[in-house]
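Feature annotation from Swiss-Prot assigns repeat 'PPR 1' to 98-132. Among the features that Swiss-Prot reports, repeat 'PPR 3' is placed at 169-203. What Swiss-Prot records for 204-238 is repeat 'PPR 4'. If you look up Swiss-Prot, you'll see 274-308 marked as repeat 'PPR 6'. The repeat 'PPR 7' annotation in Swiss-Prot covers 309-343. According to Swiss-Prot, the repeat 'PPR 10' annotation covers 414-448. Look at Swiss-Prot and you will find 449-483 tagged as repeat 'PPR 11'. Among the features that Swiss-Prot reports, repeat 'PPR 12' is placed at 484-518. Residues annotated as repeat 'PPR 15' in Swiss-Prot: 589-623. According to Swiss-Prot, the repeat 'PPR 16' annotation covers 624-659. Residues or ranges marked as repeat 'PPR 17' by Swiss-Prot: 709-743. Per Swiss-Prot, repeat 'PPR 18' is recorded for 744-779.
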Amino acid sequence: MSKTLLSRIKPLSNPHASNSFRSHLPITPRIKKLVSDTVSILKTQQNWSQILDDCFADEEVRFVDISPFVFDRIQDVEIGVKLFDWLSSEKKDEFFSNGFACSSFLKLLARYRIFNEIEDVLGNLRNENVKLTHEALSHVLHAYAESGSLSKAVEIYDYVVELYDSVPDVIACNSLLSLLVKSRRLGDARKVYDEMCDRGDSVDNYSTCILVKGMCNEGKVEVGRKLIEGRWGKGCIPNIVFYNTIIGGYCKLGDIENAYLVFKELKLKGFMPTLETFGTMINGFCKEGDFVASDRLLSEVKERGLRVSVWFLNNIIDAKYRHGYKVDPAESIGWIIANDCKPDVATYNILINRLCKEGKKEVAVGFLDEASKKGLIPNNLSYAPLIQAYCKSKEYDIASKLLLQMAERGCKPDIVTYGILIHGLVVSGHMDDAVNMKVKLIDRGVSPDAAIYNMLMSGLCKTGRFLPAKLLFSEMLDRNILPDAYVYATLIDGFIRSGDFDEARKVFSLSVEKGVKVDVVHHNAMIKGFCRSGMLDEALACMNRMNEEHLVPDKFTYSTIIDGYVKQQDMATAIKIFRYMEKNKCKPNVVTYTSLINGFCCQGDFKMAEETFKEMQLRDLVPNVVTYTTLIRSLAKESSTLEKAVYYWELMMTNKCVPNEVTFNCLLQGFVKKTSGKVLAEPDGSNHGQSSLFSEFFHRMKSDGWSDHAAAYNSALVCLCVHGMVKTACMFQDKMVKKGFSPDPVSFAAILHGFCVVGNSKQWRNMDFCNLGEKGLEVAVRYSQVLEQHLPQPVICEASTILHAMVEKADTKEPVESP
């Protein structure tokens, strides 16, 4: 309803005299009987309009004159609407000249919250220039405020103030104050409160308390106290309700010291603390971890003859958990009973939640069953931690059964509970089960939200199932569930990953069209798509649009564009973007530098590649497996740079960077291709100032007649094992065996020592070297002596003991014991 509409409705001359119409119509016994008979006729007679005309034909009083009393007595709003329509059409002139009758009808509509009808009636009254009472408009304001219609409530309030130069009645104003505070519009609430104080006696204690509570909830406790002093005087707090509000405000701020001062003050002034007072203080001390103080207050509650609330005890148990105290669940239940309280659902929820966090799922289930046996009805907070715990341990069958059990026990799973299970299924890759769970959710009357759709679409996109993801997006729109920014970003990225950039562009355009706040993530996804499609000009244009929209390009933005130019072999532009990135104070990351290193390597400019590698280290950036693999792959392609490839292989071991299969194969391929001549220089200590373990082993094996490939393979394993990466060494060996490469004595020696390095020597029994024989073991011992020059004495002793025991037992079938 617009202010223009309201401005056409005129007030009665005396707004505060809400019953002034009765002055010209005394409520005589005859009037009372007419009103009662009319209400009865309206309720019981089909042809009530004709009957009323007949009844009032011979009466001195017109029906319109008693209609305000009739509307006040009617309890059925439908009858009231019919009566209003009849009066508006059949007795229009008489009816609309009586503002009291229209006002009473408006009060009836407000009482039953018939807002559409209220709007229509106010529209009609505007056209008829009808006078309305202050009381009726106060009722309308109260109805709007209690229903949460803030804009309408404020509109009515402003109209009343403008029209009557007074605020609506105190009940209506208090409802508006409550709504403003709830909506966190404290400034507007304070304005209304001040007008209530300035314009007559339209403020009561509840009005002040509403605003003070709002101030305290927002952390403005001192402002709240000044508000109290402004009304009752300095240092004066009128009653226990205000004390409780102030104490609650301090506790919420974590200012337990001031809260306790106010608590002592109220007792000194003769006020009796209530259970709420004690509960707030106990909770405050619990949050601080001061359980001595909370126990002292608990004793005071008992001394004063107040009944201890289980809420107090629950807070103490929960706080002890949060502060790291060891709490026995069974003892906690006994403690509550000893305090003449019964454990409630909240008690069990606290215990179940904590047990699940401690990994004691089965014990938690026992407490859930115990709660049910005691007649308590578990809720979503009872089941959600259990479902989450079982999902975390990948026991999805049990999690699903718990969901069914919830329904059987009369607890309807909410969107959060379903979301936990769906998230667990998605993370574990059980996408079909996750989608089916969404279907069950809908079948049980729970509507999925944007977060659940986002989870499902993200999981589908990651597993390459883009069509189902697109169908889910369409379903979302069909169900009028507005996709949020994350949903759009997930779908855009999914289509780009699948190579369907056209579809990604459509989704991006749709997000803009729907008014979604497109952020850096969305633009980065599009930039990735442009770069993958070789559309680098469009990628730059997208980054420029980000600047125009006041979005700051991040490391991903620049790194993606740099990588795009590197792949186009346009290093000049890639470096230009890199410098622009630095100029805009966006620090390059490992991905950025790795892209540049790759670009230089592709051009054969290994000098610049190595300088870039050094620069990233000087900036405290740690090269990752992709960085090292990029260098090793390129350097291993040429005989002249193969030695440097070995250097970076050993450097990544030294820096605790675990190589992957690609790194391993790239290095070996360098040796496979070099079938003649020296592939590595003799170790002379000039390799960047370090001796090369790889080179030492490689040349030793070559001199013993091993092939380049076998020597390189074993040398790589030796490096891994010496640096404690025996698990990776075993994985590479398994893959080589599957390719037909048989294990040899040197591999055995390397991996045996590797297990000893990590303190797991017993694992050598699982190694597949059963056919080494006596000669093979002798070879293993010989190479172990070389290997032991690079290992600490305890490792040497342990490995040597195992090897010599194996040699001694070589001619028997007696098993060798681990030392």
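Any Cβ shown, glycine's included, is placed from N, Cα and C.
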Over the span of the repeat 'PPR 4' (204-238), count residues by DSSP class, listing helix, strand and coil in order.
25 helix, 0 strand, 10 coil
Average the per-residue pLDDT over the repeat 'PPR 17' (709-743) and send me the rounded value.
88
DSSP puts the residues of the repeat 'PPR 12' (484-518) at 26 helix, 0 strand, 9 coil
DSSP says what for the repeat 'PPR 17' (709-743): how many helix, strand, coil residues?
27 helix, 0 strand, 8 coil
Comparing 204-238, 414-448, 589-623, 624-659 for Cβ pairs under 8 Å with the repeat 'PPR 17' (709-743), the winner is 624-659
Checked against DSSP, the composition of the repeat 'PPR 6' (274-308) is 27 helix, 0 strand, 8 coil
